[in-house]
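TrEMBL annotations:
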- 91-115: transmembrane segment (TRANSMEM)
- 122-141: transmembrane segment (TRANSMEM)
- 153-174: transmembrane segment (TRANSMEM)
- 186-206: transmembrane segment (TRANSMEM)
- 218-237: transmembrane segment (TRANSMEM)
- 249-271: transmembrane segment (TRANSMEM)
- 277-295: transmembrane segment (TRANSMEM)
- 307-326: transmembrane segment (TRANSMEM)
- 338-361: transmembrane segment (TRANSMEM)
Amino acid sequence: MAAVVTSHTELQFVVDTAEAAAGGLMSSTIVAKGIKESLTSTLTKFHAGYFRVSLSLGGQALLWKTLRGPTDDTHTLRRTLHLFHPTAFTVLWSLSFFALVLLSILYLLRCLFYFKMVKEEFFHHVGVNYLFAPSISWLLLLQSSPFFTPQTHYSYTVIWWVLAVLPIAVLDVKIYGQWFTKGKKFLSAVANPTSQLSVIGNLVGAQAAAEMGWKESAIGLFSLGMVHYLVLFVTLYQRLSGTDQLPSMLRPVFFLFFAAPSIASLAWQSIAGSFDTASKMLFFLSLFLFMSLVCRPTLFKVSMKKFNVAWWAYSFPLSVLALASMEYAEEVKGDIPHLLMLLLLTFSVFVSICLVVFTLLNSKILLFLPHCFDPISSLISRAMCSTPQQNQQRPQTV
């Protein structure tokens, strides 16, 4: 009788083990399926516009590296700001690097598994401009790196060419070429504030080249960027038919209006060796454009109702404007330039911190909600769904 009980116990144990194994396999399958669905959802909703985050963090890293770097400015305010512990800057740069690597990996996966969607971005009049953002982000991180300097490290040169200049050159040929030759997307039909990212890419590349001592390359990139900036600025300023194509949710990109001249002033300073008259003129232009936008808060009323990734468009322009004001204060001296520097620096840091907090609190909104919650995704989706008849009626949105 004891033998029968033992056999029954062993049989029950085998059955329970088999059921547990089957349950474990089923659980693993469910988990794997959930991960796959989550990754698929993320990659389909992800786009180059998310590189605004790395762009903004890179701008802050460059701002704080410059603030902590060697300077001839003996003003009390600058000496006080110079006392910040370097560990904070290292943490900021590391965060920026991690964010950029993560975004780059996600976009590479998108290119690998959803190349058709990437192609739609490339041919979209707004989406294509954000393809400059990864290269600009890498250039900003290179310039702000606490671990090596442009003049002494070989990897700086390699990354400058591979991750930054070559992609920018390819996009320049594509975008500027179609403007120049009046192809299907001539400038007056597709120009919008995000088009200034192409200009910013060339100017940041020029600044990085100047810091490496490649003056001729820097002048070439600067000339290319500034000539097209003048053409683009005039086109946008005239508000020609077809240039007002952005939805209200994307209006934060209007801050790029003063980002381009701010970067230009810094790039020319790196080329000329000082913050001379040309740099000051560009800085005053960016300051005027900044004040023009700040005095019109109703312009951004609709876009501020609900958080989305477009909010990150506020941070980078403010960072480079604060950086330009810092160089201006160092050149001009005096209390008023330093007060202006402090105000812009405080505003820039405050906006960046708020964006980080809002992003952490609303992380699900960025990647897991439908396209209608993302202005760029919805914009590209509408372009993909447009019929040939609609495209003929509205050639400017092709």
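Glycine is treated like the rest: Cβ placed from N, Cα and C.
TrEMBL: automatically predicted annotations, no manual curation.
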Any contact, the transmembrane segment (249-271) to the transmembrane segment (338-361), with at least 3 Cβ pairs under 8 A: no
Winner by Cβ pairs under 8 Å against the transmembrane segment (122-141), considering only 153-174, 218-237, 277-295, 307-326, 338-361: 153-174
Beyond the flanks of the transmembrane segment (277-295) by 6 or more, those residues with Cβ under 8 Å of it: 254-255, 257-262, 264-266, 268-269, 317, 321, 324-325, 327-328, 331
For the transmembrane segment (338-361), sequence-distant contacts whose Cβ falls under 8 Å of one of its Cβ atoms, 6 or more beyond its ends: 53, 56-57, 60, 63, 67, 75, 77-78, 81, 307, 311-312, 314-315, 318-319, 321-322, 325-326, 328-329
